[in-house]
Amino acid sequence: MGNNRTFTMIKPDAFAKGNTGAIIQKITNSGFKIVALKLTKLSPERAAEFYAIHKDKSFYNNLIEFMISGPIIAAVLEKKNAVDDFRALIGATNPEDAAEGTIRNLYATNVTNNAIHGSDSDENAAIEIAFHFKEEEIVTY
Ligand code: UDP
């Protein structure tokens, strides 16, 4: 699917607040097709691997602690220009900077507990999809 797929996680804060349904509705209303979806909980090892690129950052320990604090919803989404369009839909990393109506503007708590993840490149989307889903878990329809 090349640039037509992205990966997302509804993070533990948004899940715990009961915002999963509203967020999924916003995603599908914005033209994204869900082709894989699961409820899961990251182990410390898996969270560390997923965020390995940030391991030297000051926020890393907080980020890992947060990401393992409760269930997440992981999903694969399809749409033309999926990565960029989804980044626009979720808004800036810090909800204080996120545009009006974006998912982080509406549902994030703070810069760490920011409700949702979206892949930042086609290359990372492919890596993140493979990290969370087997090819046979991705549905063609
Ligand atoms: N993060 C944080 N503090 C920061 C920047 C990032 O806690 O100053 C967390 C936040 O949860 C973010 C994740 O680390 O979503 C990954 O950071 P990245 O810069 O990749 O932001 P994203 O691509 O998620 O917007």
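Cβ atoms are placed via backbone N, Cα and C, with glycine included.
The active site, pros-phosphohistidine intermediate annotation in TrEMBL covers His117. Summarising the annotation, TrEMBL assigns ATP binding site to Lys11, Phe59, Arg87, Thr93, Arg104, Asn114. Taken from TrEMBL, the feature domain 'Nucleoside diphosphate kinase-like' covers 3-140.
Sequence features, as recorded in TrEMBL, placed on the structure.
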residue	record	Cβ contacts under 8 Å, 6 or more apart
Lys11	ATP binding site	Phe66, Met67, Ile72, Asn113, Asn114, Ala115, Ile116, His117
Phe59	ATP binding site	Val111, Thr112
Arg87	ATP binding site	Gly118, Asp120
Thr93	ATP binding site	Arg104, Val111, Asn114
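Screening the binding-site residues Lys11, Phe59, Thr93, Asn114 for a C-beta under 6 A from any atom of ligand 1 leaves Phe59, Thr93, Asn114. Cβ-based crowding with a 10 Å cutoff singles out Arg104 as the top-ranked of the recorded positions Arg104, His117.
DSSP assigns Arg104 (ATP binding site) to a helix in the three-state reduction. If you draw a 10 Å sphere around the CB of Asn114 (ATP binding site), it holds 24 other CB atoms from the protein chains shown. Between the farthest pair of Cα atoms in the ATP binding residues (Lys11, Phe59, Arg87, Thr93, Arg104, Asn114), the distance is 21 Å. If you average pLDDT over the domain 'Nucleoside diphosphate kinase-like' (3-140) in this model, you get 98.
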